[in-house]
Amino acid sequence: MGVSRQRARRVGLRAAVALCGVALTLLAGCSAETTGQLKRLGLPVAATEQAPAIGNLWIGTWIAAGSIGIAVWGLIGWAALRYKSDHNEMPRQNRYNLPMEIFYTVAPFVVIGVLFYYTILAQDVVQKNPDPDLTVDVVGQKWSWTFNYESADVPGVGTDVYESGTINVAPTLYLPVNKTVRFNLSSPDVNHSFWVPSFYEKMDVIPGRDNHFTVTPNREGVYAGKCAELCGTYHFAMRFEVHVVSEQEYAAHLKTLVDRGQTGTAKGAAIPNPVGEPGNTGNPDAPAVVQGGTR
């Protein structure tokens, strides 16, 4: 019996050493970008002031879950090896350990309480709604996005402007860096979901309900956005880009929209299916419906 246990321990130790060696070899071949992504557990680089609160909660939750999982799996493996029987004796079925059972009962409540506490802290950061420096009214329609910039106070612009995408052409959302932005979300047709992964936030866009959230982009760059709600046949086409730029570039982009005649507030309109597709009713590059007419 003793020899068998020692052999099992040696096998387990060798397996653990081998796994560590493989892991170290794989990590040594990772680039700095890949290593950074591993540290973030797959999350993209945070692009807003609010994002780290969510990211830290995500990483902390996985660390806690992983630690508990390793402890449980380790105890299961240890018990299987330590108390392995070499003959056909029936073990006692009514063994108990009162302190251990109390621990197993209390520990989950402690873990849940800690996670709840840190969730509330992160939620407080995310749900703060300071006075925004600018407001963007986002309309999710089948099957693209319309971005209305409330820009009457922007020097050199003097009016609200908009940008609307189509099934074939994804729109671009411009935001100035280090400025607080309020997104007002609405839909004229079905449920959508506004999601920019690098913001670590998404929110549903629901007909008849005005949802909103506030972020402060603090990292210049280009970020992917998409609809995170299966909304119909061309859900895949509901992509967009977010350009976080300097204030000068932001103002210049709004002036470009004025020069294109994209002034006013676009309410959004369902975009017909592409020509040749079932249910086609017209041009896939259908315009948005704008206050005062159609552009």
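Note that Cβ sites are derived from N, Cα and C of the backbone, with glycine treated the same way.
Annotated features, as they stand in TrEMBL:
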TRANSMEM  56-81  transmembrane segment
TRANSMEM  102-120  transmembrane segment
DOMAIN    131-256  domain 'Cytochrome oxidase subunit II copper A binding'
REGION    265-295  region 'Disordered'
Residues outside the transmembrane segment (102-120) whose C-beta sits under 8 Å from one of its C-beta atoms, at least 6 past its ends, are 57, 60-61, 64, 68
Per-residue pLDDT averaged over the domain 'Cytochrome oxidase subunit II copper A binding' (131-256) comes to what? 92
